[in-house]
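> Just passing along the structure, written as structure tokens.
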């Protein structure tokens, strides 16, 4: 008893001055005399320390530690199996007040203790400290987890921590490190779950790293990490953004095989993917998806209607979009700014600015405020009709309402002034744009170059290209289309053909506009063979010729007086299942019938449809 009392007195009166003193009191190797009445010094010390931490008696604890190394006391708390809350309080207090540096291994042990008690919030907080620190490599972090887990079996705790690490890197947009963490967890045999993988998939989709999305998904499947509905929705979203619609549809079937039902989010994602795909048959597929969704008892929501309305507006089917708009209101689904902006933009693009203005009034009557997108659409509609003065009035109104013009605003107005031949005003707007802190984009220069070509000012085009290069701006497909059209008009189609090859070298895929401009150039030079070689190239490498391409070819043949050839091409178009549009009928009327040639199309078309 005397020894026990003396130990107690020493513990109360003497602060821990040196690591040696701490070792004396914290050692677990000393053996007390075999007396049931004698208290274990280790147990009594642990209890005393835990009480001080629990009651936040920091002054007494500071006195107890003295000038000793605080990490030794932390090790003592670890070995005495103190609760995670006690460990965390001491850890943070000693780091803040004593400037202790406990190192990666001790922090990992702390995090695993928190995970043992399923304290997910604090696990996240401590993992965030490691992730934001930046001093520790992924292998070193997972090595520490492995060593700490080997000391004491942790069950799911190591997985909880690994999930948090992958997730925190992903949330912090450090997707490369997140993928590395995913791989190292696999190397150490630490199972992950959707808690870690889903945030990583979300971040990769946001960055449009779709190949990485597919890679992570494959790793999940190979490691038997069961994907949930959220997992599938994110991967499907990524595939739709990459225009891999068939693969996205296949994934929906995988989803069903795993016993998971597609949700409203799944269908909305697929519908949006098809709406924005640019495919000629996209709206047919959209309707099929909508019917499937409704047949499964899933009702369209506001997002669904907004996607559909925007899709039909982009397809220039504003009548269908308006029907959906009315149906939306009948189902007590309130339209929002996105709904109105899609409709306004759709009507402006089809030239019905009057209806677009009415929609803005309706929007405001519902206490929905027009935003920059609304004004940009209206200004675009007015500029297309060369009503630039009215567009500038909207520009001033927008600024008066505290809405800041963006690059699209300026590009729209620059293009509008160019359409009206007011190149000086267009250049002044570009200068105003720069003064406002908005850098000209590729579209800005493309608008100006289009006008320079119309004026035949090739030197101005060269200057614009040089300025783009100086600013590090790379020409896109639209820019090349302007260059192809301009070179065809001002030089020769042969030189413009070189631009088509240059596009391929830049990793840009020529579209139907690229080919149609070249075809028009060759027809203008009377080179029918070169025009049809382009058609053959499209059939070989894509994009497949559509009704627009056939219209260009038919009109080009008619212009050269080759009516029979034009007639055969019309029949070929019909045999391929392509539906004639308004332009087709206008060509037949103006280029054929009005010139005394009646097309022989075996009843496939009716001229009264024009």
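Keep in mind that glycine also has a Cβ here, set from the backbone N, Cα and C atoms.
As listed in TrEMBL for this protein:
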- 193-227: repeat 'PPR' (REPEAT)
- 228-262: repeat 'PPR' (REPEAT)
- 263-300: repeat 'PPR' (REPEAT)
- 301-335: repeat 'PPR' (REPEAT)
- 336-370: repeat 'PPR' (REPEAT)
- 371-405: repeat 'PPR' (REPEAT)
- 406-440: repeat 'PPR' (REPEAT)
- 441-475: repeat 'PPR' (REPEAT)
- 476-510: repeat 'PPR' (REPEAT)
- 511-545: repeat 'PPR' (REPEAT)
- 546-580: repeat 'PPR' (REPEAT)
> I'd like to know the mean pLDDT over the repeat 'PPR' (441-475).
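A mean pLDDT of 93 is what the model gives the repeat 'PPR' (441-475).
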> Using Cβ atoms and a strict cutoff of less than 8 Å, what residues sit near the repeat 'PPR' (193-227) while being 6 or more residues removed from its termini?
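Counting only partners 6 or more residues beyond its ends, the repeat 'PPR' (193-227) has Cβ contacts under 8 Å with 159-160, 162-167, 169-171, 173, 175, 178-179, 182-183, 186, 234-235, 237-239, 241-242, 244, 258.
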> When secondary structure is assigned with DSSP, how many helix, strand and coil residues does the repeat 'PPR' (371-405) contain?
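For the repeat 'PPR' (371-405), the helix, strand and coil counts are 26 helix, 0 strand, 9 coil.
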> Write out how many residues of the repeat 'PPR' (336-370) are helix, how many strand and how many coil, based on DSSP.
26 helix, 0 strand, 9 coil
> Go through the chain and flag residues at least 6 beyond the ends of the repeat 'PPR' (301-335) whose CB is under 8 A from any CB in it; none is fine as an answer.
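Long-range Cβ neighbours of the repeat 'PPR' (301-335): 264, 267-268, 271-272, 274-276, 282-283, 286, 290, 293, 342-343, 345-347, 349-350, 352, 366, 368.
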> Near the repeat 'PPR' (546-580), which same-chain residues lie under 8 Å Cβ to Cβ, leaving out any that are not at least 6 residues past its ends?
280, 512, 515-516, 519-520, 522-523, 526, 528, 531-532, 535, 538, 587-588, 591-592, 595, 597, 599-602, 604-605, 609
> Using a Cβ cut-off of under 8 Å, list the residues of the same chain at least 6 residues beyond the repeat 'PPR' (441-475) that approach it.
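For the repeat 'PPR' (441-475), the sequence-distant neighbours (Cβ-Cβ under 8 Å, at least 6 residues beyond its ends) are 407, 410-411, 414-415, 418, 423, 426-427, 430, 433, 482-483, 485-486, 489-490, 506.
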> Same-chain Cβ contacts of the repeat 'PPR' (371-405) under 8 Å, 6 or more residues past its ends?
337, 340-341, 344-345, 347-349, 351, 353, 356-357, 360, 363, 412-413, 415-417, 419-420, 422, 436, 438
> Take the repeat 'PPR' (406-440) and find every residue of the same chain, 6 or more past its ends, with a Cβ under 8 Å from one of its Cβ atoms.
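Same-chain contacts beyond the flanks: 372, 375-376, 379-380, 382-384, 386, 388, 391-392, 395, 398, 447-448, 450-451, 455, 471.
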